[in-house]
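Colleague: Dropping the structure in here first, questions after.
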Amino acid sequence: MKTQVAIIGAGPSGLLLGQLLHKAGIDNVILERQTPDYVLGRIRAGVLEQGMVDLLREAGVDRRMARDGLVHEGVEIAFAGQRRRIDLKRLSGGKTVTVYGQTEVTRDLMEAREACGATTVYQAAEVRLHDLQGERPYVTFERDGERLRLDCDYIAGCDGFHGISRQSIPAERLKVFERVYPFGWLGLLADTPPVSHELIYANHPRGFALCSQRSATRSRYYVQVPLTEKVEDWSDERFWTELKARLPAEVAEKLVTGPSLEKSIAPLRSFVVEPMQHGRLFLAGDAAHIVPPTGAKGLNLAASDVSTLYRLLLKAYREGRGELLERYSAICLRRIWKAERFSWWMTSVLHRFPDTDAFSQRIQQTELEYYLGSEAGLATIAENYVGLPYEEIE
């Protein structure tokens, strides 16, 4: 097999890159370890920045998102008996976010890829990357017991935190930055109307809570829990009781409860690896960085990586400017670190940390009061929440 760009991973970042490249006439093949149903079964993020919405539109996969996505012009933070709304649209110069589940984004991209006849190899086992620093890299993998080879010009590693792509870079070439948080999020998905038409983030003495949504009829709620908690110890009733205890009384009264479709506990971490490229291999999304979900940045950072890599590959193929690809990591990391900072900050001011003393607790409350009581502070949160601009590729 031969292609121009080999893409490892058929999650949203790999599929989005493949769709953009296909529209530009650049041949690509995606290799995915799992089945399509497994990929679609992952319950993930649902808040899309303006930049990602624009990129999906550019890729021609925005029809269902435009119809079913919920445009949010604000977000609310509750703390110390107060509720503060952040007017995202006004404070960011007209930008908004769109609530549209990652599963739906993935389904739209899968259907678009199938419709255009581009190649995706599912259940590709034992994937290995070779000759990354040479001019002719290639990928080997097994399918139905047969060992196959895929020759290519470039490889995009879009296979997530545990994927083979980052592992294919010599460890001594990479610098790892990491922070693991001492709690997780217990999330519940239910076919109940959302308690609010905008997201509510709550800082409460019992711990953080978030009221989110996937659609006008499907809600997603989270509560902060210790890492020692097990999801099987949480009945639906226990979850709803705990969630109500952490929300403002008037919100808790309106909360519609119901049976859970899914419950899971996700640990929180911040993680960045530098550089994000090695020879002709380029890492994108979770393969290179993880953010705690508090800032809704994980999927959106993957999209900005994909946008950067796509535009650099266009320059390489259309203008013969392959040397620009050497800038990929530096361009991506400038935006990534700002999103990492925002996600860390949101996590720090909204969660209750074990062993926090009275002074630190009062500082946390004052930090929220200052930012949410100041036009400049509100604008800073809004600018980051809707997403910082993508860097232009000259």
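Cβ atoms here come from the backbone N, Cα and C positions, even for glycine.
From Swiss-Prot, here are the annotated features:
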| type | residues | note |
| --- | --- | --- |
| BINDING | SER13, GLU32, ARG42, ILE43, ARG44, ALA45, GLY46, VAL47, GLN102, ASP286, LEU299, ASN300 | FAD binding site |
| BINDING | TYR201, SER212, GLN213, ARG214, TYR222, PRO293 | substrate binding site |
| SITE | TYR201 | site 'Important for catalytic activity' |
| SITE | TYR385 | site 'Important for catalytic activity' |
Colleague: Here's one to test understanding: among the binding-site residues TYR201, GLN213, ARG214, TYR222, PRO293, whose C-alpha is closest in space to the C-alpha of LEU299 (FAD binding site)?
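Modeller: For LEU299 (FAD binding site), the spatially nearest of the binding-site residues is PRO293.
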Colleague: Find, among the binding-site residues listed as SER13, GLN213, the one whose Cβ has the highest number of other Cβ atoms within 10 Å in the structure shown.
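Modeller: Ranked by Cβ atoms within 10 Å, first place goes to SER13.
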Colleague: Checking the contact step here: among the recorded positions SER13, ARG42, GLY46, TYR385, which have a Cα within 10 Å of the Cα of ARG214 (substrate binding site)?
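Modeller: So the list is GLY46.
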Colleague: For PRO293 (substrate binding site), identify the closest of the recorded positions ARG42, ARG44, GLN102, TYR385, judging by Cα separation.
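Modeller: That would be ARG44, nearest by Cα distance.
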Colleague: In whole Å, note down how far the CA of TYR201 (substrate binding site) lies from the CA of ARG44 (FAD binding site).
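Modeller: One finds 18 Å between the Cα atoms of these residues.
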Colleague: Measuring CB to CB from TYR385 (site 'Important for catalytic activity'), give everything in the same chain under 8 Å that is also at least six residues away in sequence.
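Modeller: Non-local contacts for TYR385 (site 'Important for catalytic activity'): VAL75, ILE86, LEU88, SER92, VAL97, GLY295, ALA296, PHE342.
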Colleague: Record lists TYR201, SER212, GLN213, ARG214, TYR222, PRO293 as binding substrate; longest Cα-Cα distance in Å?
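Modeller: With TYR201, SER212, GLN213, ARG214, TYR222, PRO293 as the binding residues for substrate, the largest Cα distance is 16 Å.
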Colleague: Which whole-number value in Å describes the distance between the Cα atoms of TYR201 (substrate binding site) and GLN102 (FAD binding site)?
Modeller: 20
Colleague: State the count of C-beta atoms found within 10 angstroms of the C-beta of SER212 (substrate binding site), not counting that atom itself.
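Modeller: The Cβ of SER212 (substrate binding site) has 23 Cβ neighbours within 10 Å.
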Colleague: What Cα-Cα separation, expressed in whole Å, is found between ARG42 (FAD binding site) and SER212 (substrate binding site)?
Modeller: 17
Colleague: Let me check the 10 A CB neighbour count of LEU299 (FAD binding site). How many other CB atoms are there?
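Modeller: A count of 26.
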Colleague: In the structure shown, which of the binding-site residues ARG44, ARG214 has the fewest other Cβ atoms within 10 Å?
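Modeller: If we count Cβ atoms within 10 Å for the binding-site residues ARG44, ARG214, the smallest count is at ARG44.
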Colleague: Measuring Cα to Cα, how far is TYR222 (substrate binding site) from GLY46 (FAD binding site) in Å?
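Modeller: So the Cα of GLY46 (FAD binding site) lies 13 Å away from that of TYR222 (substrate binding site).
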Colleague: Rank the binding-site residues GLY46, PRO293 by how many other Cβ atoms lie within 10 Å of each Cβ and give me the one with the fewest.
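Modeller: Each of the binding-site residues GLY46, PRO293 was scored by Cβ atoms within 10 Å; lowest is PRO293.
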